[in-house]
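Enquirer: Below are the structure tokens for one structure; questions will follow.
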């Protein structure tokens, strides 16, 4: 049985986010705005089908996928690229590989207690975010 990621999560910390955005070639103005945001995550999980909504006052991003199946991810509004994305289970963690222009791009997501941990990677840069479950 997979881990239950269902819930609404509020950001607690966001380490190295601006460097991560720089590695994705996000322009300086957008990096500065994005770095000020504290987005929430709303996750709806039905077995291996997931919808992850990243919600902020500036922009929302919705990722709708089936674990284990590759899909084309449109990152318009983030770094305006498309990539082929696969999310898979690695024990109790979700591992995402995003194949495209940027080397080593992807993320890992897991739960510790009532906290959601998200580690995003691109071009050797790692950003660590932590969210607390609110419901």
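The backbone N, Cα and C atoms fix where each Cβ goes, glycine too.
Under the heading region 'Important for interaction with STRA6', Swiss-Prot lists 22-32. Feature annotation from Swiss-Prot assigns all-trans-retinol binding site to 41, 63, 109.
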Enquirer: What is the number of other Cβ atoms found within 10 Å of the Cβ of residue 63 (all-trans-retinol binding site)?
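Expert: Step by step: centre on the Cβ of residue 63 (all-trans-retinol binding site), count other Cβ atoms within 10 Å, giving 17.
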Enquirer: For the all-trans-retinol site (41, 63, 109), what does the 8 A shell look like? I mean other same-chain residues with CB within 8 A of the CB centroid.
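Expert: Residues close to the all-trans-retinol site, other than 41, 63, 109: 5, 43, 50, 52, 54, 107, 116, 118.
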Enquirer: Roughly how wide, in whole Å, is the group 41, 63, 109 that binds all-trans-retinol, by largest Cα to Cα distance?
Expert: 14
Enquirer: For the region 'Important for interaction with STRA6' (22-32), give the DSSP counts of helix residues, strand residues and coil residues.
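Expert: So the region 'Important for interaction with STRA6' (22-32) is made up of 7 helix, 0 strand, 4 coil.
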